[in-house]
């Protein structure tokens, strides 16, 4: 059987890995829009979290398998359609992730100085489409909307001492911009309360221990919460206890952090209403927020505006309220409301032989391990359908043979995994010269030149 996987992030690679491991004869081809593989492991994981990127070693082993092939620089839906892939393969798995972000839907969100977290992370991580972002970091206060791990990542990058970032694979241009940054206060704002934050304890602890930065949490936000979390699941309990401890700690004179030049804090029960323009209307100068009260409890609590509002001055607004998947091809059903492909255990509804895994399957939540389990689940569905005869493998399918001639006729040149390894070697060499693990190449045209 020939299987095609669209997208080379964790979802794509874990799906391929599981199929290759549990079917001795399957051939898997992975297609990727960019010349370079690994999706959010390369472009989403924070530069100062190199240990999280170790999964790349596993993915590389999968790509080097003689039954696996990688074709980068191919945009499915444009260079080749999904129906064309279905003609060439016995099964097609869509694992292309979430390439857009949710919008705030408030006045002023398009003012200069307002960015999506996705674009900002893409900028410092070398995602080609965000390489020209040029955020203005000349203000003292930045405001991040959202209480997830991505919001904490951004706050940490904005406030990290430069000598820490210099040793990472953060891009050269974003390092230069951060070196001139005037940002010294970062507020992370959420519509709900401390019991609803989505970040995890590891990220919070890292932020609390950040050298040269001090946490400012209002003890009033945590009144009575010790009792409320007594019976909560352990991760939620420990996370809340750490926030309470941080809120109550008084900085001791002379202690590290007591007179830290930079501060960050969490603000709760505030919902953005409008980004306020500067006097000349040319950029953001602040944000008006509705104060909210909570109805219900736990994860299902809803934030209801109280009628009171508050304004906060800030020259940089980063919206970290979630990523969003987009429809890929008119031939593929898509639920625009939920931003996912309708499916059952990864089987796309109403289209036999078509599957999905990762964020486009279940929505943009969870960490790499969540995506791994989710992808194994989809791969299992493919294997069951192969075994149960649901997928007819009697007609031989040509796989890449067919696709190659389609791409050639359209002037598209796919990039192989060994081509990527040339780019990889060039990046590592450039990084070594600068004392970094790698210097990412951010221009696809330059990537293609290196391959020759």
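Just so it is clear, glycine is given a Cβ too, placed from its N, Cα and C backbone atoms.
Feature annotations, reproduced from TrEMBL:
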- 2-158: domain 'FAD/NAD(P)-binding' (DOMAIN)
- 11, 32, 40, 76, 359, 366, 367, 368: FAD binding site (BINDING)
- 147, 148, 149, 150, 191, 192, 203, 366: NADP(+) binding site (BINDING)
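Structure coloured by features recorded in TrEMBL.
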residue	record	Cβ contacts under 8 Å, 6 or more apart
11	FAD binding site	39, 95, 97, 357, 358, 359, 360, 361, 371, 374, 375
32	FAD binding site	7, 8, 12, 39, 70, 71, 72, 73, 74
40	FAD binding site	9, 10, 97
76	FAD binding site	6, 31, 33, 82, 85, 96, 328, 329
150	NADP(+) binding site	44, 117, 121, 320
191	NADP(+) binding site	269, 270, 271, 292, 303
192	NADP(+) binding site	147, 268, 269, 292, 294, 301, 303
203	NADP(+) binding site	149, 152, 153, 156
367	FAD binding site	149
Neighbour tally for residue 368 (FAD binding site), based on other Cβ positions within 10 Å of its Cβ: 17
Integer average pLDDT (0 to 100) for the domain 'FAD/NAD(P)-binding' (2-158): 97
Site of maximum Cβ density within 10 Å, from binding-site residues 148, 366: 148
Maximal Cα-Cα distance (Å) across residues annotated as binding NADP(+), namely 147, 148, 149, 150, 191, 192, 203, 366: 20
Residue with minimal Cβ packing [other Cβ atoms within 10 Å] among the binding-site residues 147, 149, 359: 149
Integer Å distance between the CA atoms belonging to residue 148 (NADP(+) binding site) and residue 366 (FAD binding site): 10
Residue 368 (FAD binding site) and residue 148 (NADP(+) binding site), distance between Cα atoms, whole Å: 15
Site extent for FAD, whole Å (max Cα pair distance, 11, 32, 40, 76, 359, 366, 367, 368): 25
